[in-house]
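Participant: Checked Swiss-Prot, it gives:
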DOMAIN    9-240  domain 'ATP-grasp'
BINDING   Lys49, Gly56, Arg57, Gly58, Ala98, Glu103  ATP binding site
BINDING   Asn195, Asp209  Mg(2+) binding site
BINDING   Asn260, Gly322, Ile323, Thr324  substrate binding site
Amino acid sequence: MDLFEYQARDVFEKHGVPVLGGIVATTVDEARAAAETLTSGAGSVVVVKAQVKTGGRGKAGGVKLARSPEEAAEAAEQILGMDIKGHTVHRVMIAEGASIAEEYYFSVLLDRANRSYLAMASVEGGVEIEQLAVERPEALARVAVDPLVGIDAAKAAEIVAAAGFADDVAGAVADVIQKLWTVYDAEDATLVEVNPLVRTTDGRVIALDGKVTLDDNAEFRHPEHAELEDAASADPLEAKAKAHDLNYVKLDGEVGIIGNGAGLVMSTLDVVAYAGERHGGVKPANFLDIGGGASAAVMAAGLDVILGDPQVKSVFVNVFGGITACDEVARGIVQALEILGDKENKPLVVRLDGNAVEEGRAILAEANHPLVTLAETMDGGADAAAAAAHSAVTA
């Protein structure tokens, strides 16, 4: 479960990680009141930050400085309802401003390849860390973390030294790193990331932004996470998917993906990403696994979720029939399109194979829906869906 920034901030504060004051607002009036609470006089600055589970908020206009409660209200009015990479902004966080001297980066995450944990740190924070890792990999220190030991004082000192932190800030950063490890360990997280971790002009080291992903498999140990999950599912698409017990993850691309089985869906994401490189750089818009034995109703529900995403420009349905029969999938597609009627105009590329494939193809052929195209292979279907999305984006 990915947390919103304001939720990550609250979890940080719970475990002693230094953070600035922040208040969540869902209306303009609430934003104004929050700014009044956080500003202490002339010259006080707050930051109005869109709460969405995607990057690029600043570039999209989702982060604005405000020097008065009225400016905060105006910023909130502009940000609330904004679409950022397909994510609608339903709430903002009004955060205290800070006078920043330096920006750093730190994260700890599950390292599946090595069956361990990995800490990453850099003295160059506040940038796209993926870009930094590619262009200047030496600027990003990577330190393995023993799951049985964690990040104690010695390991924190090793991380700080590997990243090249200056002596005058190394101790404070190491202390914050240990507290961030406590968040990771105590909350059963798979990712804790701070970008930027900052040193202010008065010498404090503060987590200015935060990203936390909690392990859903550890929910039984954390009944308190239920409240976080309810708020984290406030996105209408995620809430709709959850209501139908669909395994859905929103991504930032333009090609909607539906498949049966996590392995097939992951493979489909890869194939669509490769196809997108040939068609203007379009990418997968989501992960959606309808599971084994899915009925026509489940297929229709999944299609309804994906077609409701304004970021999606085309859909690729890739099903290998086993327990899930291809004729049930075909009926679900026809059913969903009948319900949506003229409201929907996004092209669907469908690749069926396996159990009842001929029956499924016959159902779609008989329906003869103008939006549906049948593909013989996964590669061919991915290419057609990527091409359709690119055409829609450039139209």
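All residue numbers here begin at 1 and follow the chain in the order shown.
Using the three backbone atoms N, Cα and C, a Cβ is placed for every residue, glycine included.
Note that the structure is a prediction, hence the values are computed from the model and not measured.
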Participant: Can you tell which of the binding-site residues Asn195, Asp209, Asn260, Gly322, Thr324 lies nearest to Lys49 (ATP binding site) in space, using Cα positions?
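Facilitator: For Lys49 (ATP binding site), the spatially nearest of the binding-site residues is Asp209.
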Participant: Note down the number of other Cβ atoms within 10 Å of the Cβ of Thr324 (substrate binding site), including every protein chain shown.
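Facilitator: Within a 10 Å radius of the Cβ of Thr324 (substrate binding site) lie 23 other Cβ atoms.
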Participant: Between the binding-site residues Asn195, Asn260, where is the Cβ count within 10 Å the lowest?
Facilitator: Asn195
Participant: Relative to the Cβ position of Lys49 (ATP binding site), how many further Cβ atoms are located within 10 Å?
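Facilitator: For Lys49 (ATP binding site), the 10 Å Cβ neighbour count is 24.
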Participant: Let me spell it out: for each of the binding-site residues (Ala98, Ile323), count the other Cβ atoms within 10 Å of that residue's Cβ, using every protein chain shown. Which one has the most?
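Facilitator: When each Cβ's neighbours within 10 Å are tallied, Ala98 tops the list.
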Participant: Select the closest residue to Ala98 (ATP binding site) from the following binding-site residues, measuring between CA atoms: Asn195, Asp209, Asn260, Gly322.
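Facilitator: Comparing Cα positions, the candidate nearest Ala98 (ATP binding site) turns out to be Asp209.
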Participant: For the substrate site (Asn260, Gly322, Ile323, Thr324), what does the 8 A shell look like? I mean other same-chain residues with CB within 8 A of the CB centroid.
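Facilitator: Not counting the recorded site residues, we get Gly261, Gly291, Gly292, Gly293, Ala294, Val319, Phe320, Gly321, Ala325, Gly354, Asn355.
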Participant: From the binding-site residues Arg57, Glu103, Asn195, Asp209, pick the residue whose C-alpha lies nearest to the C-alpha of Ile323 (substrate binding site).
Facilitator: Arg57
Participant: Taking the binding-site residues one at a time (Glu103, Asp209), which has its Cβ surrounded by the most other Cβ atoms within 10 Å?
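Facilitator: When each Cβ's neighbours within 10 Å are tallied, Asp209 tops the list.
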Participant: Taking the Cβ of Arg57 (ATP binding site) as reference, which residues of that chain separated by at least 6 in sequence fall under 8 Å from it?
Facilitator: Lys49, Ala50, Val63, Ile84
